[in-house]
Amino acid sequence: MAAAVPQRAWTVEQLRSEQLPKKDIIKFLQDHGSDSFLAEHKLLGNIKNVAKTANKDHLVTAYNHLFETKRFKGSENVTKVSEQVKNVKLNEDKPKETKSEETPDEGPPKYTKSVLKKGDKTNFPKKGDVVHCWYTGTLQDGTVFDTNIQTSSKKKKNAKPLSFKVGVGKVIRGWDEALLTMSKGEKARLEIEPEWAYGKKGQPDAKIPPNAKLIFEVELVDID
């Protein structure tokens with residue numbers, strides 16, 4: 001049985017106020033967010049450790065996203081918890097020395113992902129695998145700047161998904177990072193911050209302005 005839907009504890013002004021500690025927001029999210037939501041936003045684990053790596057903007061975004069998506073604790077079936085959750089918990093148990101061998105911690109991810117259609121939860125791409133995707137990219141105002149999904153039946157027959165090696169910089173970083181968390185058949189909505197999209201320069205040829213937050217609907221149809 002689903003838990004009662006929590007009420008918003010703070011206004012936007014209170015959330016951004018320095019008087020509200022990050023730990024309070026993290027505790028609220030851990031108390032009320034589902035495991036998969038917390039894993040997606042890297043909010044699992046000891047509150048003190050999470051507070052060290054998560055900045056205030058990321059926590060405010062996660063707080064608002066929790067109420068937008070309604071992914072509260074008890075709202076998802078236990079089986080919905082992905083391998084990503086297990087991996088996060090395993091990584092927390094690793095000794096700290098191993099971190100020196102990895103790339104420096106860059107803080108929270110610069111994207112959020114909402115699952116629109118579940119995948120098989122078995123086949124996940126690895127770095128260097130070729131992935132095949134259908135996608136539509138829009139700006140925040142809803143303007144479509146790119147898509148490979150055809151509407152006319154004639155064009156549909158000739159349409160092919162986008163294929164590329166994932167995790168090696170062939171596409172924007174938001175795509176590279178997000179697709180590694182998706183399983184075959186999954187469709188997701190990605191909201192990518194400018195830092196992991198086209199940054200300060202934008203992409204004038206594609207009519208993407210500077211510092212643009214991009215929204216994609218991506219379906220991972222196959223992995224080679």
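Each residue, glycine too, has its Cβ placed from N, Cα and C.
Per Swiss-Prot, the features are as follows:
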type	residues	note
COMPBIAS	89-102	compositional bias 'Basic and acidic residues'
DOMAIN	128-224	domain 'PPIase FKBP-type'
MOD_RES	Ala2	N-acetylalanine
MOD_RES	Ser36	phosphoserine
MOD_RES	Lys99	N6-acetyllysine
MOD_RES	Ser152	phosphoserine
MOD_RES	Lys170	N6-acetyllysine
REGION	87-119	region 'Disordered'
Model confidence over the domain 'PPIase FKBP-type' (128-224) (mean pLDDT, whole number): 92
Looking only at Cβ atoms, how many others are within 10 Å of the one on Ser36 (phosphoserine)? 16
On the three-state reduction of DSSP, what should I expect for Ser36 (phosphoserine)? helix
The domain 'PPIase FKBP-type' (128-224), counted residue by residue under DSSP: helix, strand, coil: 19 helix, 35 strand, 43 coil
